[in-house]
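> Please find one structure pasted underneath; my questions will follow.
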Amino acid sequence: MGAWAIAVHGGAGVDPNLPKERQEEAKRLLTRCLDIGISALRSNLSAIDVVELVVRELETDPLFNSGRGSALTENGKVEIEASIMDGPKRRCGAVSGLTTVKNPVSLARLVMEKSPHSYLAFSGAEEFAKKQGVEMVDNEYFITEDNVGMLKLAKEANSILFDYRIPAVGTCGASAAMDSPLQMNGLPISVYAPETVGCVVVDKQGRCAAATSTGGLMNKMSGRIGDSPLIGSGTYASELCGVSCTGEGEAIIRSTLAREVSAVMEYKRLNLHEAVDYVIKNKLDEGKAGLIAVSKDGEVACGFNTTGMFRGCATEDGFMEVGVW
């Protein structure tokens, strides 16, 4: 019997001017999710059960960009994506383009366990959800007043907004977005701070699992797919570790960031902390991102090259930490 460990994240790339009350609100949610995961692990739930349970909680709370509270497309709708992976046999499931599924991470698990495929998207995923009897809601359920306002700001700036939660400083947040030196695939974007959610767990049997869920980018093109549902990029789990990423999706996709952690552990014989540090420093090119990870030995680690990352972790020996910066 080994030792369990858990980590959660609510997105990498935090504005230094983020109001204190917003920081504390995020910390309370992360703490609550850790407590849920810890209780489940103490009750001997498997790693795959725990990551699903925790990400469902994050999807239900509108604070972060997943499930209810997801970013809006250029058409004012929500298109959500998620993935989940079970390390021991590297089973996985992923979904994209969901508009009426209340908890995308659970549908991703059903794709893994109840279909012959690993990835379903858009109308096919929605039809599969209906056949599986999962809870469905109107698209309006996911939309919040804050996000409607931030979509308006994004359209005025003619920009994709990463940092769609942070209040504008001064009188013209839109022009600030246009003047941003940050780029994605050569195109200007606004201040960088996506709020994807994820969870990684290793249970007492040394089984690792990972899950990630997001609404994507504010004002994204309809049909855009990011890193979160892509196995090996936003999510990965093996017999060695479990990893969930957050940040600039296109950079994470190019670097297959989550898989890289497992690969350098396997081929370079690095431990978890060394692997996370190596990948963040050497595999992102000029991209901005972060990740959380656990190993089969009960280690937990996080890494990011952004100003901050909403994160929390806990281990069986009593260690628990929640942080932003």
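Each Cβ is built from the backbone N, Cα and C atoms, and glycine gets one as well.
Look at TrEMBL and you will find T196 tagged as active site, nucleophile. The feature substrate binding site is assigned by TrEMBL to R224, I225, G226, D227, T246, G247, E248, G249.
Let's see these features in context: how buried, what's close, how far.
Cβ environment of T196 (active site, nucleophile): H9, G10, G11, F64, N65, S66, T212, S213, T214, S228, G234, C245, T246, G247 lie under 8 Å away, each six or more residues apart in the same chain.
Listed in sequence order, the residues of the same chain lying 6 or more apart from I225 (substrate binding site) and placing their CB within less than 8 Å of its CB are E81, S96, G97, A121.
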> What's the most sparsely packed of the binding-site residues G226, G247, G249, counting other C-beta atoms within 10 A?
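Least crowded of the binding-site residues G226, G247, G249, by Cβ count within 10 Å, is G226.
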> Applying a 10 Å Cβ distance cut-off over all chains shown, what neighbour count does D227 (substrate binding site) have?
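Around the Cβ of D227 (substrate binding site), 30 other Cβ atoms lie within 10 Å.
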> What's the most sparsely packed of the binding-site residues R224, T246, E248, counting other C-beta atoms within 10 A?
R224
